[in-house]
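Peer 1: This is the structure I want to talk about, given as structure tokens.
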């Protein structure tokens with residue numbers, strides 16, 4: 001084996017192992033056959049794969065791995081466990097966009113109120129709460145609302161694009177304010193917790209939308225129920241905002257993640273207790289995956305109340321409420337994990353043959369690379 005062949009084989013390590021085992025020798029032979037003839041005996045020792053050849057292998061590797069992700073996050077016709085993982089990821093996506101859309105609706109309602117655009121409801125003397133300008137509404141949080149609506153109504157690509165816009169706006173703001181996170185006045189534990197929570201809250205649902213809703217995935221079931229749930233949750237969240245303004249600042253933004261999570265967890269456990277094995281693992285698994293995101297957001301509140309010098313007599317009550325929510329999430333996550341694990345183990349595993357077929361689904365590599373030589 002000369003150096004040129006070794007270099008080609010090194011480039012082919014970008015490909016999945018199963019595909020490489022089937023096609024590596026053929027691909028190397030094809031690449032070597034495409035080399036120009038040379039009388040220099042040292043040519044094979046100094047020659048290297050061309051950039052177009054490397055690019056073609058890299059593109060093939062990306063495509064194969066995306067196909068493998070689609071297989072793992074299965075759609076209709078996939079093996080039972082892969083379909084369960086796919087349903088879980090898609091549920092994480094829907095729930096994540098749902099909560100973001102609820103908070104965005106609160107932003108819209110609050111802005112209308114602060115701008116005096118709600119008839120019969122005078123704006124407050126001091127602006128507070130979720131107030132943002134209309135430009136920020138459009139380029140930031142407001143975009144979550146049409147993203148959620150597009151997703152549940154079956155417009156997958158539109159939802160993915162809008163979710164990317166909404167998340168990139170939030171992540172760009174994090175990057176712009178990176179210096180504040182590093183050198184700002186709050187304690188480093190609080191800054192770190194806030195950064196982790198912000199990143200998780202904005203990236204987790206978007207990654208789930210991109211991974212779960214591929215070309216082979218089924219659409220969201222019962223879109224009317226999801227839209228009705230959204231309307232009911234927005235009404236409930238507005239009620240919490242009104243209550244919070246009258247009895248004291250007990251509910252901050254993480255509360256709007258925690259309370260729906262706890263309600264969904266209780267419903268999920270009750271459904272499993274009632275239906276048993278027929279319920280499936282998707283809801284329990286999705287909530288287990290979302291629990292760290294909720295905890296990261298709620299931990300920021302606990303640290304803020306504990307480490308900063310808050311003003312007012314409601315600090316102790318707010319701290320107790322935040323700690324109670326953290327404890328509730330931790331307590332209910334344990335039975336959720338048990339239920340999810342048991343339900344998943346009941347499903348038949350995917351066969352090795354089907355997994356290998358997904359890894360080699362692109363077929364012979366000659367057509368993938370010959371145009372780049």
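Here, residue 1 is simply the first one shown, and the rest follow in order.
Every residue, even glycine, has its Cβ placed from backbone N, Cα and C.
Sharing the feature lines straight out of TrEMBL:
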TRANSMEM  91-114  transmembrane segment
TRANSMEM  134-154  transmembrane segment
TRANSMEM  161-182  transmembrane segment
TRANSMEM  188-213  transmembrane segment
TRANSMEM  225-243  transmembrane segment
TRANSMEM  255-273  transmembrane segment
TRANSMEM  280-297  transmembrane segment
TRANSMEM  317-339  transmembrane segment
REGION    351-373  region 'Disordered'
COMPBIAS  351-366  compositional bias 'Low complexity'
Peer 1: Between the transmembrane segment (317-339) and the transmembrane segment (91-114), are there three or more CB pairs that fall under 8 A, provided the residues in each pair are separated by 6 or more in sequence?
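Peer 2: Contact between the transmembrane segment (91-114) and the transmembrane segment (317-339): absent.
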Peer 1: Does the transmembrane segment (280-297) reach the transmembrane segment (188-213) with at least 3 CB pairs under 8 A, where each pair is 6 or more residues apart?
Peer 2: yes
Peer 1: How about long-range neighbours of the transmembrane segment (225-243): same chain, 6 or more residues beyond its ends, C-beta under 8 Å?
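Peer 2: Tertiary neighbours of the transmembrane segment (225-243) are 94, 98, 101-103, 105-106, 109-110, 129, 148-149, 152, 251, 255-256, 259-260.
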Peer 1: In terms of Cβ proximity under 8 Å, which residues at least six beyond the ends of the transmembrane segment (188-213) contact it?
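Peer 2: The answer is 69, 73, 86, 89-90, 92-93, 95-97, 100, 151, 156, 159-160, 163-164, 166-167, 170-171, 174, 180-182, 254, 257, 289-290, 292-293, 296-297, 299-300, 303-304, 307-308.
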